[in-house]
C-alpha cells in the first residue's frame, strides 16, 4: 500500500473539509474546555438539567468561542506554511476524486432506504458499486498516479489522463508507463520551487542535474532535443549544459550556424564552428571518431555487449548543434541527405 500510495475514494471529494474538521475540532474543544474548566468541575452532573442553562455566562462563552476560533485559524495558517506539501497532497487527492465523479467514470445503482418512521415513504439513494482504483503518491518531488486498467468501458479515458492531470494539478508530465494491469503517470511537482541556479547545475557519475529532482542521465539516454519558442531561453540552457560538462573529462563539439552566442565560445574553448564548411567537416570528423571509438571499444578486454563508453571508462563526446532545423533547410538536397545520414548513424552508435 505504501508503494502504491493513497487510494482515491469517492469520499475524497470533500477530503480537505473532512481533514480540516478532524484536525481543528479537537483544538477548538480543548481551548473552550480550558476557558470553562472550573465551571465544568462545579457542575453536579447527576442533577443537571436544561433549566440551568440560563445560568451560563453568555458574554464569557462568546469570548471563549471567539478565542478558540482565532487559535484554530492560527493553527491552520501555521500548518499550511510548515506542511505545505501535505496540504497540496490533500487538494490533489480531492481533485482526482472529483475528476472521476464529475466525469461519471464509475458505476452505481439506486437503492431505496426506509424512512425514519415506519409509515413514512422511503427515499432513493445512489450507491457506488464500482470506483476505479487510483493511487496517489508524492515522493522525491515527483507525483506518481497509478490507475488500474480493467478493460472496462472507462479504459480509454483512464489511459489518456495526461492533459487533465497537467492542467488540473498544475504539474508537468515527465513519464507515462503502461504496466501489467495498470498505467502509471509521473509528474514533476511544484516546477517553480524545483528550479535551481546555474551554479547548482552539475555533471557527475554520468548524469547532469537540471532541477532539484530531475537529472539527465546522459550515459543511459545520450540524446537530448531542446525545443521552444523564440526568446524562450534555449541558447542559455545550452550554455548552462556546456558550462557543467566542461568540468568533466568529456569532449565537446559546438556547432552554431547563426554565428551568435555559442560561436563566441570559440575564444575560450576548442572545437567551436559556425561556417558552413566547418560545420560539415566537424560532423564528418565526429562521425569518423565515433566509428573508430566503437571499433576500439569492441577490442577491449572488459568489453561487454550492450555496454557503453561509461562502463569502459572512456570519456563521453558531445555534439551540440544549435538551430539544427534552420541549418538543414539551408543545405542543398544532396548535402542535406549526406548530413542526415551521418547524424542518423551517430545517433545509433
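A Cβ is built for glycine as well, from the same backbone N, Cα and C atoms used for every other residue.
Going by TrEMBL, these are the annotated features:
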TRANSMEM  15-38  transmembrane segment
TRANSMEM  58-79  transmembrane segment
DOMAIN    211-349  domain 'FtsK'
BINDING   228, 229, 230, 231, 232, 233, 234, 235  ATP binding site
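For residue 229 (ATP binding site), no same-chain residue 6+ apart in sequence has a C-beta under 8 angstroms from its C-beta. Sequence-distant contacts of the transmembrane segment (15-38) (same chain, at least 6 residues past either end, Cβ-Cβ under 8 Å): 60-61, 63-65, 67-69, 71-72, 75-76, 79, 90-91, 93-94, 97. In terms of DSSP helix, strand and coil, the domain 'FtsK' (211-349) has 68 helix, 16 strand, 55 coil. Annotation for residue 233 (ATP binding site): no spatial neighbours, criterion Cβ-Cβ under 8 Å with sequence separation of six or more. Neighbour counts of Cβ atoms within 10 Å were taken for the binding-site residues 230, 235; the minimum is at 230. Note on the binding-site residues 228, 231, 232: the fewest other CB atoms within 10 A surround the CB of 231. Note: residue 234 (ATP binding site) has non-local neighbours 226, 227, 228, 322, i.e. same-chain residues 6+ apart with C-beta under 8 A of its own C-beta.
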